[in-house]
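Below is one structure; the comments refer to it alone.
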Amino acid sequence: MTTHLQSQPDAQASAPVHALEVRGLVKHYPGVKALDGVDLVVHQNEVLGLAGENGAGKSTLLKALVGLVRPDAGEIWVRGEKVRLRSVVEAADHGIGMVFQEQSLVPNLTAAENIVLGSEGAGVRRGLYRWDTMRKLAQEQLDKIGSQIDPLARTDTLTFAERQMVEIAKVLRIEERTSHPPVIILDEPTSVLESAEIETLFTQVRRLREFASVIFVSHRLDEVLDVCDRVLVLRGGQSVGEVSTASAAPAELHRMMIGSTGSEDHYHDTAAERSDQPLQPRLVVKGLSGATFRDVDLDVHAGEIVGIVGVHGSGREDVCRALFGAEPIEAGEVTLDGDKLDLSGTRAACAAGVGYVPAERKIEGMVGPMSVADNMTLTKQKSRCSGPLVMPQKQATLVDKWIERLSIRTPHRGTAIQRLSGGNQQKVVLARWLVAGDIRLLLLDHPTRGLDIGARSEVYRLMRELANSGVATVLLADSLEEAIGMSDRIIVMSDGRATAEVGCPSGAKPTPLDLVKEMV
Amino acid sequence: MTSPAGADTEVVLPPRPQPRRGVSLRDAGPPIALAVIFLLFALISPGFRTIGNVQNIMDAAAVLAVVTCGITFVLMMGSIDLSAPGVMGAAAIAVSLLVANNRNGNDWGLLGVLVAVLLAAALGCLSGLALVLLKVPSFMTTLGVSAVGLGVATLLFGGVQPNISDEMLRGWAIERFLGLAYLTWIAFGCVLIGWLIQCYSRLGRYAFAIGGAEEVLALSGVKVAPYKVAVFTLAGAFYGLAGVMVTSQLSAGLVQAGKGYDFAAITAAVVGGTLLTGGRGGILHSAVGVLLVTVLTNGLVQVGVSPYWQGGVQGLIVVAAVAAAVIPQRRRNQVTK
Amino acid sequence: MKFTSRPTAIVLGLTLAAAALAGCSEEAGGSSSGGSEAGACAPEDVTLVGQVRNESNPYEAAWLDGGDAFAEQVGLTQDRLTYDGDSTRQQEQISQLLAGDTECLVMNILPNGDSDTPPIVEGAEEAGAYLVTQWNKPADLNVADYDQWLSHITYNGVESGKQIGDALAEAIGGSGGIVALQGILDTGAAKDRFAGLEESLAANPDVELLDDQTANFSRDEALAVTKTLLTKHGDDLKGIWAANDDMALGALAALEQAGRTDVAVVGIDAVPDALTAIEDGTMTATVSSDGPWQGGIGLAIGFCVATGELAVEDIADEDRAWFAEQFLITGDNVGDFTSPEVDAADFECDNVFSRSQGAIS
Amino acid sequence: MSTPVLATPDVGPTGDTAPVKGGPTLGQRLTSFMPVIALVVLLAALTIADPDFLTQRSLTAAVRTSAPLAVLAAGATLVVLCGGIDLSIAALCSLTTVLFAMWLPDLGGLTTLAAIGVAAAIGAVQGLAHVVLRIPSFIVTLGGMSIFSAVALVISDAGPIRIVDRDATKWLTLYVGGVVPMSFFVAVLVVAAISLVLKLTPLESFVRATGYSESAARLAGTPVDLVKVAAFTVSGACAGLAAIMLVSRNFSGSPTMADNLLLPAVAAIVVGGTAITGGHGSLWRSLVGALVITLLRVGLPIVGVPSAYEQILYGAIIVAAVALTLDRSKVLIIK
């Protein structure tokens, strides 16, 4: 048991004063105990990692620290002073600021405005903007992190990564509010970043440590170990232990997070039953061209997982959407099991047994206010209908069956899907294509984005099982490792064309470096 | 990069096009439509292409322009405002009773105008307060406030038409500067002020931001509610001024001074490129929209289209103009509300 | 407000179906139909109702005030109803009114348009309320066919349109171009008046109608339309014929703004502002419609019948639908009309038809 | 977990398939009945102001009055549930009254069906314009509003057309069971029929998915475009039916007859608690909303509120009613 539970903080002992300390924080939601007595200490000038599965209470804890959630019990101490945080502003006044996981910038304002939003200071005098001052203020923040972004660019013209930089620049504004060293919380900052920017970010985090304390949350454990001084592990709303990053390995962290020894085979690469591959590929794409891709050839056999990798702007997302009929094509022919696939719209694709899991789950993947059951049966009417009529009993039985089969954690099939955790939402979205049992081709666009290790692992297992049962899968992976781990074959795309194909059989996987060479 | 597991599939940053600061197709559509329609009418009708008629179009657009200035800020927030008829009616009656008139001995002059505009602003404020305090959608609060405004106007009206004899206010509609009535210059002033507010004030920028991503403002510690109330108040003030302008044109205070201006202004704003979902467009877009609508109205009369058909032709052209603007930008999975 | 469960939905559906089968009837249960005995009412039991479009225009406000004056004369009060120029709302109010106590109900109604009159008449007939309508009535609807519809009063719109048309022609010297501002296109008043103008044009062949546009009886719209017409026709335009005074006043404002003083304007209704304008010489002519008298006379006829001083059978056929007296007002006689007063004598039971200019043909 | 995922799940006994029980709480049930509560409160207030108001005759009249408004609102509710708005209903209704009156002499008994059919077709055309050209529904129907008005004015020669043969609409003036006016009964029937169809088929989830999140619905293979066109078609058909009710009431068709019902109809939808942003709400709510609006339109003046105060009260009450009925847990940001 390497878990050494944190010693009970001693209120009398004034030294050393911690930058931030949390004692016995409790938060109930209807039916869920999100926080169950969490303790946490952040020292001056350290980077504290926070690890835990989805639903472990990370988000709630962070929200409590920036005043978005009011805890039911427990105390928050900032530099030896007990505080009550009722809003983001109060948290900022105490020097606590957060970079949110969901990008929280106003798209139609300039970067400069976003950076100073809510604390314009000298940028606004008597309600009037002073654009020069504002630009200067924003430039100061951007300089801190060495970013080259034009402060007067509209935010929706920036790339994802640039926007993340703007967010960090924005949160650093709290330095101007307090004379004390600030505490900066980074919630999953790397999930959407490209590797060059991740490196910049890590440099930033290390620079931040010079004058601030940082709480760093990421589902990529190696990152956590890389950049943090210490990692605190949460499970079931409690702090279950902490490790020093000097000595720990990802496997050990993982074990603490899930409470038992994790599977060694992260990607469930069982390589079973794949010898009887039919000669004819299930999906054949010939010369597919659209607005952002040209002459793409692709074939996928039944039971095969084909990964497509490519840099930003390679057009792979659009190819994926085009195969689902969600993006217009200019030329090309696509056949599925020898029949021509109608790409005129999403309906035809669904009818042909094509399924698509979009990357933007919350906007495109699910209908938030609708129930788990309705989300699951939205596509395949025969899964819930008899003739034109919905059979509630049939629907309920089927949905409950799938809730159980995929271990979807939901209070009830009638619960609105937006109240589930990300991993469970994604499982419902996947289940939508499975309920009718007629799925032939599955297009997965970043299916594990924003999911924790446990949830990822389950999604991987599901993909594996589907492939084994004969579904052809196209995967746009979150990382090269994921692509390599999951795929049987990898297509490399760049500038809208498929430029290379790399075999990726079990036991003879290429390295990420091999792929990168093909990509550039 | 110390750990290979951190490597992302998106390794290389492609060169990014410089952020657009210039005019996009979306912004260019309405002015082009305006130019095309203007030229079309000019070709067909000799009466249309006279200087006098162009002056007339500018004068006729004045009131609608001021109303649209107000409504644009509300639309930018993603809200909607149907309160113009009531607010304008109340302001029109109020101002006609406060300046020199045939009903009472008041002769407040410019102060009367100010009080009427303040009354209108207060009504606008009421819409905003109901929106943020009662959490009732603006569609309903403004509909309610419009009824309240008409009620107040009817109360003040009291059965006898108030006619104004105040020379200053009457002069606004009659006196001309550089060929245009003072009212038209006031409208220009409103557009300019509106544009300055939109670009250089926190209120304007926040209104824009509320339409873009309201929840983000809250996360950044901005209290949105006061700005919403302020935007509705500002819109009310614009309607009030428009009510005063109608009074000046007619030399009389009418309860119905604002009849029809709600939908006319929304049409103008939308035709100009302001989105009903908020976050896009602005005062200058709306100004173009106002001119477009006014040119249409004027042109159809000039060309001699039957009065029965005018409304229909106007509706058709508005739909066609918007369709022409959106068709090049259609996407397969686009959301259209 | 959702079906909470399927059984509820089905039960509800079945109930509705059963109810439908249960049968339909012509009448709402409990409604006491049929007319009340004429003359059965004590004066203090009579309910007086006046209904006009809205109180926010001077003519109709004066109408209701006239009704109040009559009510006061007989020691009652008048219920003032307005429907904001909304036909459906007028019908809704009437049907609600008739669902109440209709025993001694007297209604003086200004129907919004011709088509609104028949349902009001039928409703009153069925409920037994005494009804007088004014202005709008379909030509083929015969008042004498009904017992409870006592009378329909209007002004001869063709005549008024012609009178002001002639006055306009005279004012511009018998020749030149004029434009017409029409009222709400689907009202009888607008059509009759325009027909009158056409008669006048036929009689004055040198007067040319350059354009006709609608301004919906509205001062504001008339302003905008006139401005456009002024630029369109320029100096060819010598006169403006407006179907009511509000539009004429809007046209005057447009002329003032354009700096034109050489255009003659005529209207109809004799609202106070128009009379002032005629006194000032900026407007040429209008035709009187006496709002306060109209507001009182309808109630007076109904009151007389309800209290038994007048019997429906005794009303001559030509008094069931008649044109009220009207005058062309020009600069010469405007002084006589500037302060209209309600004359109590007009409302005496044997005097109520004294202003008749004959039956509507 | 060795079962192949794709095997069609065998339907076991239902008892052990429900993991957790959970239904709407008392509070949620209360919120869904708020429109009814608002209606009762309003009725009580009117009765206090004038005790004669609460008679069976008077209520029958009110209910009969509300029928066209209820039908108009019910149809438009479908469009609102899909996330759009239909501003053309009133003008389309006026146009249909004219068509009905013009066709009646030739078509006789078939006129009702023909008029509703044409109104539905016009609605469908608007729906197609909306989904094919991707023009916001606000603009399409705003344009439709002026176009239909113009057509109605032209074909009717700008005047009312009287109905001589009243038999074709007589059925609407009957009373069911002696108390319930047939027109209201039909309105309830229409609402029930549409609600049942929605409830019993996947359409309800299509409509809601489209309203809550159109892009997600589309990517789930939901027939978004079809659903929208269908919603506009039903809205058009309802406008047609409302037109026939108006004709039965007025014995004539007129090009401006229903024009003033637009804002009351939208108000009825919102007062019922349907979210103007789409997804959340129901037709039943709009039916109750229509009753509330009708009571306000006719009740206030009848109980003797002077016209100026009546407008002020009307404004204040509709805002208060929406404040009561809107279920804010379903709508995150109020615009």
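Every residue, even glycine, has its Cβ placed from backbone N, Cα and C.
Taken verbatim from TrEMBL:
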type     : residues  : note
REGION   : B:1-24    : region 'Disordered'
TRANSMEM : B:28-45   : transmembrane segment
TRANSMEM : B:57-76   : transmembrane segment
TRANSMEM : B:82-101  : transmembrane segment
TRANSMEM : B:108-133 : transmembrane segment
TRANSMEM : B:139-157 : transmembrane segment
TRANSMEM : B:177-197 : transmembrane segment
TRANSMEM : B:229-248 : transmembrane segment
TRANSMEM : B:260-276 : transmembrane segment
TRANSMEM : B:307-327 : transmembrane segment
Cβ contacts the transmembrane segment (B:177-197)/the transmembrane segment (B:139-157), at least three under 8 Å, sequence gap 6 or more: no
Any contact, the transmembrane segment (B:28-45) to the transmembrane segment (B:307-327), with at least 3 Cβ pairs under 8 A: yes
Beyond the flanks of the transmembrane segment (B:57-76) by at least 6 residues, Cβ under 8 Å: 84, 88, 124, 138, 180-181, 183-184, 186-187, 190-191, 193-194, 197-198, 204, 207-208, 210-211, 231-232, 234-239, 241-242, 245-246, 249, 258, 261-262, 264-266, 268-270, 274-276, 278-283, 285-287, 289-291, 293-295, 297-298
Per Cβ pairs under 8 Å, the stretch of B:82-101, B:108-133, B:139-157, B:260-276 packing most closely against the transmembrane segment (B:229-248): B:108-133
Remote residues contacting the transmembrane segment (B:260-276) - C-beta distance under 8 A, at least 6 residues beyond either end: 26-27, 29-30, 33, 63-64, 67-68, 70-72, 75-76, 78, 80-85, 88, 146, 211, 239, 242, 282, 285-290, 292-293, 318, 321-322, 325, 337
Remote residues contacting the transmembrane segment (B:82-101) - C-beta distance under 8 A, at least 6 residues beyond either end: 67, 70-71, 107-109, 111-113, 115-117, 119-120, 123-124, 127, 139, 142-143, 145-153, 156-157, 162-169, 235-236, 239-244, 246-247, 252-262, 265
